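Trainee: If you scroll down you'll find the structure; I have some questions about it.
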């Protein structure tokens, strides 16, 4: 009923004479609302995308070698921790409470479009920010979101407290350094964090988080969502973390990182994902911000501010050296053993896994013995061409106008020109108080007079001139901002609400601009588009962000004049408004010392919540200690490789005879690459068993599935393409469980993944063509490689299901493998 009634109102407004228009009607005219969806041309998409990805490319899951599924401590080649992955570490209630508050913080912003392929993502900041490099006049303060949501803001604190406690438990030294550096008045609830970045449905391209504290870490928490994929990837290291709601990743934000693709059955399928990054914005501890805190504090004491300041003095702390540059990277060659050494549930055998990792690097031929093929094949499955993949952004995308102005697309400009008379005095006088109307009339006349003077001066130099040149340092420019201040209070008064909606803001300011443009023509005698809607739109955006001249750069007397005038305008609006007085969400003008006024104590025990300290103990978190050294070459390590038993009647000749003809583009790609041809023409890998091998203390035994193993007690078991020979899923699952019990530590399940590595990025016609031939082609390759007549090939999701998702430590992808081979690390029991 409400929607229907709204439509009727709009219809009435379009036909009613101006004098009968109700107060809110002017700002809800349908033609003036911004376009919800705008179709960009192919050229616009291509230009925006190419410019963005030149500096910030997207990387897909296939571009990374390891996907971590379980708790992980990932280190670089020097042993320095790059990331700690903690699945499910955030309590559900804390995640939900924070999500309910922070969800609206993520708004369309062009400021991060370079990390989203040239398009405005849903992103925002909360807490405190320095606004260095921004046209906002007043620096080093609460974000607008925090200021406007001060009453609900404390619901974020449980999440902050848990995340801080987890950070402290895992990285006590870095936590202490960050805690010592962050100014007390810009802490979020006593934590070492000053700022939150909130992202919604935002697949980030590769970037570093410039401005974060160099001596600390950032913490990424997934608050809510329904999605697959979108792993957080450390691009220079070739690893990514499969995150889901309530997961936490503590990582070095100065490494290049990004999100992999969303894993959707169809590109237009819905998905949702709300994340929050907690960090210390280092500029908030620099002298310029400290001076701003001191200025505000002195002013608060001088006027006897109420409530009183939360602190008596500002302390300049040691903020360390923050270079705002990418951190140096020291990647290493990835192997299944090296990856498994990072998995927390295998920390008791880390030294042994690192020894096996070293052994593989020393003896690359062992890769074939252990896994059936090399970890990297240069002439195997070729990389997909760009033309075979869907765009990162679909052809129809949301194109939003930046905050503070209006959309210049569609019929909005024409509709605004037709209705500009709404700003005439006879239509406003009955709805606004006399004081505010007087300010509007005087400010409008003053600005038009200055515009006319500037125009006449320009025309004396060039009588043929048709366009007005806007001088940003002129009295006319200052008068325009004064006029905007009056208009802003008029909007609030007309709507009887402190926070107009985006549509109401848009409608008001486009009408405002149309009225001024019309007045320049009719009252100043200027050409119709001498000033123009576009130029007024640009200046309105300047006004929204504080003007082109920062308040702090103005002479003291001018600063005082502007602040006092803003105050008088607001008071005039309040005197003329019948609405009850509410909290003023006038963030841009807030120059009070309101730091920490929003802080509240969290009553954990009273609410039946575990305290952060108790929760950390419950999780069993321990500090990341020094890097574990590889086991000595003489330490006993036993690796058992299990091969599928060859079928009695199967021969290489039989396998070759069953190879399908490579007639389609996809079958040629799968079967005719040099590595695939070697498999088809070569000897099967399981025709004969090699003798046991020894490398110091490392012993490698190879046997067939089903052989007697009574006297064998391996540390690690590698199942080499065994599950492909088992038709029934339950039987395959039972076999994994059996070998997991045999292995002392973990099992490496090595199998063909019949799904294309870029499955979720393939154009539909390419995906269909691939799926038509993939299973037959891989069956032929598998039969040739393992001398089997029957095989059932599976996808990664089905293999993970067979191995029990909660027992998966990681997935390793063999790069360029002709069999599209992967290895899953399966931990049979949770080991302390």
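Cβ from N, Cα, C; glycine included.
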Trainee: For the Fe cation site that Swiss-Prot describes with 207, 209, which of these is also annotated: 189, 257?
Mentor: 257
Trainee: From the ranges 1-24, 25-48, grab the one Swiss-Prot calls region 'Disordered'.
Mentor: 1-24
Trainee: Quick one: Cα separation, residue 257 (Fe cation binding site) versus residue 542 (site 'Involved in J base recognition, conferring specificity towards J-DNA'), in Å?
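Mentor: For residue 257 (Fe cation binding site) versus residue 542 (site 'Involved in J base recognition, conferring specificity towards J-DNA'), the Cα atoms are 32 Å apart.
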Trainee: Which has the fewest other Cβ atoms within 10 Å: 207, 257, 273, the binding-site residues listed?
Mentor: 207
Trainee: Taking only the Cα atoms, work out how far residue 209 (Fe cation binding site) lies from residue 273 (2-oxoglutarate binding site), in Å, as a whole number.
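Mentor: Residue 209 (Fe cation binding site) and residue 273 (2-oxoglutarate binding site) have their Cα atoms 20 Å apart.
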Trainee: Fill in the CA-CA distance, residue 542 (site 'Involved in J base recognition, conferring specificity towards J-DNA') to residue 273 (2-oxoglutarate binding site), as an integer in Å.
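Mentor: So the alpha carbons of residue 542 (site 'Involved in J base recognition, conferring specificity towards J-DNA') and residue 273 (2-oxoglutarate binding site) sit roughly 32 Å from each other.
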Trainee: Between residue 207 (Fe cation binding site) and residue 273 (2-oxoglutarate binding site), find the distance joining the two CA atoms and give it rounded to the nearest Å.
Mentor: 19
Trainee: Cβ neighbours within 10 Å, counted over all protein chains: which one of the recorded positions 209, 542 has the most?
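Mentor: Output for this query is 542.
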